[in-house]
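Colleague: Supplied in structure tokens, the structure appears directly below.
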Amino acid sequence: MASKPTYNIPIGPIHPALKEPILFTFDIQGEVIKGVDFAPGKTHRGIEWMGMRRNPVQIAHLCDRICGICGVSHTLAFSRAIEQIAEIEVPERAHYVRSIIAEFERIQSHLLWAGVAAHELGFDTLFHLAWRVREEAMDVIEYLTGNRVNYGIVQVGGVRRDFTDDQFPRIYQALETYEGLVGKLVTLFLEDTTIKLRCMNCGVLSERDALELCTVGPTARASGLAIDVRADAPYAAYGDIDVKPILPDVYADAIKGDVYDRIVVRLFEVVDSVRIIRDLMDQMPTGPVLWETKYAKILATCKKAEGEAIGRVEAPRGECFHYVRMNRSETPEAWKVKASTYSNQMSWLKILMGEQIADIPIIVASIDPCMSCTDRVSVIRDGRQGVMTGDDLHHLSVEKTRRMQE
Amino acid sequence: MSRLPMFPEALRQFLKKPATNLFPARYLPKSITGFLGKVAAGEATINPPVAVPKNFRGKIAYDRDACIGCKLCIRVCPAHAIEFIPETKTVRIFVTQCIFCSQCNDACPVSCLHMSDEFMVADADRYSENLIVE
């Protein structure tokens, strides 16, 4: 039998199966994917460029807008970096407020993802139900911070709003709602025959590949890597409570690293987040929530700061990493954002290989990609977009050294 | 045996009220702008939106008489939405540029800036009278 011809199928940059702009190029033989390539950089917004022209107090709110879902993770990572450089001590209660909001964010982000996953499978009834359930977390976040999406609660040196005693019953009410719903969600997602058929043994990422490709967050945990910034390098109030990475073996017998395991990890992280919020609420100390209420003093302290630091936070999608360097000026000298999708996207090359065309949407969505958070660089010259290879960057670097020597 | 746990759940949902609030009208009008025009003229009534929480951050409100012109709000505004007017020593806020973070409210030493409950501020003209606060 003659070998089948290979077809080249592009998907993207804008495509109904993709939630954000990215270009995939597949080599297809029959129905089977034989080669994968992708080109990010289609939704670059110049966030870092904007940040270099603003002071840290302003950047805190710019960070809220890096990602539409992780409204608090980026700000928290950035604030932690600045607080280390300027040696600002965050009040104890602020740590708890930050952690509680971060956990509510994890609940809403994972439920959003669960809905999107159901939608990519063509299971829209479940998609609508998941998003209906998600509203409870959104409502609590709105009640506590003032807005649904851009919370604007974290600031350098603490948080801008405290929880009052009369707000606690509403939080407990939401936690009870989720505790009551968990059994139902697990049944609807994990016992459904359609979902089992489509997700089991689909998009498998082995533990070794997950480690070698430096994946983070639920993608890594679904493959059996026990990594979680909250447990490995506790920040905010996570050091005071018990946090363990959730692996798929909490539900299934074996860890396979397929799409189904990624659903398991995310659903059980929702369960764990509810438990964490309860623990945090029980231990919440009293006191101020902002290191300094006079903004002129925060600005002056940041301006005097000198040095570099990194802030790491476990965002719902994985590790979110901010590097900041301050050099006695109003604006940071350098600010680098590494969103979790940046670490996870290379796993697409492995998990898409050998799968069928119909599985592309769910496998692509299974790592919970967020392209607009990831895209940091886009090279466009004479109206054409290009790719910088390692050699090109080396060449540019040598040229710059020569220029500086002259 | 195939299991479809969503099926009984979907049947149960049929008997429940819709979760969404029908806004601005209970039934989709032919033209939304035409309908809102009618509401403004008093010919139709709007189906009320979901109530905003207590500390909601809506369109900014500015008390120009209390303002001392210290420019601190301009220094903390992430969106560069605030402009200083040297003649009157007051500020002008462009609502289209504003990102509703309310940082200027916190920074203001005389509390002359506040966030209102108003959130329906969409307009075709970004410099319309409704969108510039001074």
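Here the Cβ of each residue, glycine as well, is placed from N, Cα and C on the backbone.
Note that TrEMBL annotation is computational and uncurated.
As the structure is a computational prediction, the values presented were derived from the model and not from experiment.
Heads up, here are the entries from TrEMBL:
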- A:E48, A:V337: Mg(2+) binding site (BINDING)
- A:C67, A:C70, A:C370: Ni(2+) binding site (BINDING)
- A:C70, A:C373: Fe cation binding site (BINDING)
- A:121-376: domain 'NADH-quinone oxidoreductase subunit D' (DOMAIN)
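Looking at the shown structure, can you explain where the listed features end up?
Modeller: Neighbour list (A:V337 (Mg(2+) binding site), Cβ cut-off 8 Å, at least 6 residues apart, same chain): A:I47, A:E48, A:I66, A:H74, A:F321, A:H322, A:C373, A:R376. In this structure, A:V337 (Mg(2+) binding site) is part of a beta strand by DSSP.
Counting every protein chain shown, the Cβ of A:C70 (Ni(2+) binding site) has 26 other Cβ atoms within 10 Å.
DSSP assigns A:C70 (Ni(2+) binding site) to coil in the three-state reduction, outside any helix or strand.
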Colleague: So what sits near A:C67 (Ni(2+) binding site) in its own chain, CB-to-CB under 8 Å and at least six residues off in sequence?
Modeller: A:S73, A:H74, A:A315, A:A339, A:C370, A:S372, A:C373
Colleague: Cβ within 8 Å of the Ni(2+) site's Cβ centroid: which residues qualify beyond A:C67, A:C70, A:C370?
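Modeller: Apart from A:C67, A:C70, A:C370, the close residues are A:I66, A:G68, A:I69, A:S73, A:H74, A:S109, A:A315, A:P316, A:R317, A:C320, A:A339, A:S340, A:T341, A:S372, A:C373.
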Colleague: According to DSSP, collapsed to three classes, what secondary structure does A:C373 (Fe cation binding site) have?
Modeller: helix
